[in-house]
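Quick look at what TrEMBL annotates:
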type: DOMAIN; residues: B:4-298; note: domain 'FAD/NAD(P)-binding'
type: DOMAIN; residues: B:315-382; note: domain 'NADH-rubredoxin oxidoreductase C-terminal'
type: DOMAIN; residues: B:419-466; note: domain 'BFD-like [2Fe-2S]-binding'
type: DOMAIN; residues: B:481-530; note: domain 'BFD-like [2Fe-2S]-binding'
type: DOMAIN; residues: B:555-620; note: domain 'Nitrite/Sulfite reductase ferredoxin-like'
type: DOMAIN; residues: B:630-768; note: domain 'Nitrite/sulphite reductase 4Fe-4S'
Amino acid sequence: MSNWMDIAALDDVPQRGSRVVKTHAGCVAVFRTAQDEVYALNNSCPHKGGPLSEGIVHGAFVTCPLHNWVFSLETGQAQGADSGRVETHPAKVENGRILLDRSIIAARTVA
Amino acid sequence: MPQKLIIIGAGMATGRALETLLETAPDAYDVTLFNAEPRGNYNRIMLSPVLAGDKTYAEIETHAAQWYADNGVTCRFGEKIASIDRGAKTVTAANGDVLAYDKLMFGTGSNPFIIPLPGHDLEGVIAYRDLEDTERMMGLGPDNKCVVIGGGLLGLEAAAGMAARGVDVTVVHIMGHLMERQLDEAAGYLLRRALVDKGITVKCSANSKEILGKDGHVRALLLDDGTKLPCDLLVMAVGIRPNVTLASEAGLAVGRGIHVDAQMVTSDADILAVGECVEHDGAIFGLVAPLYDQARVAAKTLLGEHATFVQKELSTKLKVTGCDLFSAGDFADGDGREDIVFRDPARGVYRRLVIESDVVIGAVMYGDTADSNWFFGLIRERTDIAEMRDTLIFGPAYQGGTPLDPLAAVAALSRDAEICGCNGICKGQIEDAIAAGAGDLAAIKATTKASASCGTCTGLVEQVLAVTLGDDFVLPAAASICACTDMTHEDVRRMIKSQRLTSMPAVWQECGWKTSCGCHVCRPALNFYLLADWPLVYQDDPQSRFINERKHANIQKDGTFSVVPRMWGGITTPDELRAIADAADKYAVPTVKVTGGQRIDLLGVKGEDLPAIWADLNAAGMVSGHAYSKGLRTVKTCVGTDHCRFGTQDSTGLGIKLEKTLWGSWTPHKLKLGVSGCPRNCAEATCKDIGIVCVDSGYQISIGGAAGMDVRETELLVQVATEEETIDVIKAITQAYRENARYLDRIYKWMAKVGMEWIKERVVDDLTERAALVERFELSQSIYRRDPWADHVQKRAESYQPLASLALEAAE
């Protein structure tokens, strides 16, 4: 069976915005870019744990609201002088619905 | 003996398939062609030129009656197929005729999607699909109004065609910019500007609510926001849906379209399908290029040859005179993807290439699409562009050309573009001064007064010098806003005002932004500038605001928020305090603190509880304290004449009046006020951004205090006699501050740039200017003097909740 899980409508997340999906092991932030691409990352900055879902989204990057670290939404890699990585998860849009991989529950319940 | 082929639908795909088939093997099949429309095949994509009057129907007809006759095709036009018996391999026509087939080909096309709005069945509501629709639109003239729903390819072509006939056309589009599937915001902005220049009214982010009629005929379109758009004809061009009804009834495998394999064969080996009715590998097709590919493959399959349909990169062009745009490939932002952006504001040219691993994967072009085929070739061929990267964006003819001049935006301004707003000096006057010998900024100031007042246009004046004098002028280095632009805050503010830029894409384009949509540094600044300069036109963009202003609460280090209800002038009541205490209990607020601004801070509120706690505080009559905003924070007061034996005026009362006047206003940085009832200054008014110290003879207004990283005492601006005048002066100073200061400069920093004298001239000495400032302040407040908490509780509460909660789902 498919490992994709229907989470919500694309329009439930604003363009250049984000909302979280709660799981056992913390929140996953679901981002939507201006071009309607969707990314899923752990909602926690490796620096001081800032909630990335509350950051400003620009291009395919997000800026952490606490200390302005910038992360690639695609790789989770910190940009510029900062180093660190946020875990990313498979995500896609199909027929206007956001789909996440079931592994966000499986992997994270074990963790 | 030839086999029998029945084709259902005489459209562009079946037409091309038939041509290929007859050219290759004219005698292989005995063909019968059914078509629901009472005519043969015509070039549907040329309906727009017909509408615009550039072509006639005769010119776009691909196959005339004679062609069918010459090729021995039996035509049954105006007839539908009623049913198909796959077992017996027969079709039944609407008149009851039963015809046998060896092979059957579907080309049933698509149906326009009609939004089921109330009133969609009124007379005068049409789609834009066939010749009949086109003729309806051609029947309109200068006395008519038309509304087009849908700002995509088809809708815009319809709108432009009718506008060319003098019709008063309004396009209503639900998304934020036109053609959002093919264009990015910058190109969408340029397209909109071009259409507006053609006299078309464009409404983006507009939701249709209802179609209003009279005597069964459409009369107007009603939008969600209450706007009524009168019209004689309403065209819906919002998309198409594959027409699968007949295929589905016949029991073929159908998804969004009729399922076909790469040979264009459906789930029945003797039945093929081509065109807009098919679904191949999850995709459906609306553009003509893949349809023709399908047609060729289907013809070969019919002849027993092997051919394979492959989906290719597609490109889009809009057939509207004067709007040259092109889009191809994938132009979404992404990691590992880089943008090369070229903007030439003077010519209205925008080009953006998206590059991944030294290959161009997407292109958007506007204004000058001469090189589009070359770029499309690079995309399709996946050409390695590493070698020519430096000059790639200039196209094939410019390999090795000079790089883009960063001063292009200023060079592009016309001679009557205003550079210095204070003194009304245009670019041409500065150029004339330079021609008369003024060679540097000081000389320009002395001879024209440009940049001699507030100084915010200094950068622009210097750039005019640089453009005019060339190498003779060395431009002093000024810090740009961020890496997205070479312009300073001041330059951008002047551009926004002088060029009347009212949207972010407009600023990005006209100021030559180097990124597609800015960054966390420039976006909040631009959002503020646009909001301050165009309060009625510009829509605040929450996604360009820092989280505190987006969620109207202060984010804390653990991701929770603090909530501070307003206490006007620092005055509260037992009822308010009880409500605050109840809220603190109900939402398990860990810390309750009294702030320096004379109010109460509830710290540690969970983000998802914000709308609920606000609703409770609203119910007790409290509103947002804006403790999180670059805007009016608090007006701190002492008790004044009400209780104090030294008080000279009602400082508390004035403080409350000021706070009720100023609250909700956005400013470049936070704005704190203090009102003390006597020079003992218990409200510490002289270290606020604006301080009022009451004396027997009136009110001393001073500005530019600070008590943060910098500690400063305010400087006296003026003493006035009445409360009314105090309030007017403070409104005027606030407005002057937000119209002129750089984003994130407190008043004292702005004052250091423009000088106290400049401010005094405007808000103290020149009463006309003061009145104008007050008027503009009030205009903006007519929109922003309201409680954002109540608005969010009502309209956006859902956005504070998690998208989904999977905490209870078991791992599999």
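Every residue, even glycine, has its Cβ placed from backbone N, Cα and C.
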Interface check, the domain 'NADH-rubredoxin oxidoreductase C-terminal' (B:315-382) with the domain 'BFD-like [2Fe-2S]-binding' (B:481-530), three or more C-beta pairs under 8 A: yes
Tally of DSSP helical, extended and coil residues in the domain 'BFD-like [2Fe-2S]-binding' (B:481-530): 26 helix, 0 strand, 24 coil
Most Cβ pairs under 8 Å with the domain 'BFD-like [2Fe-2S]-binding' (B:481-530), selected from B:4-298, B:555-620, B:630-768: B:4-298
Model confidence over the domain 'Nitrite/Sulfite reductase ferredoxin-like' (B:555-620) (mean pLDDT, whole number): 96
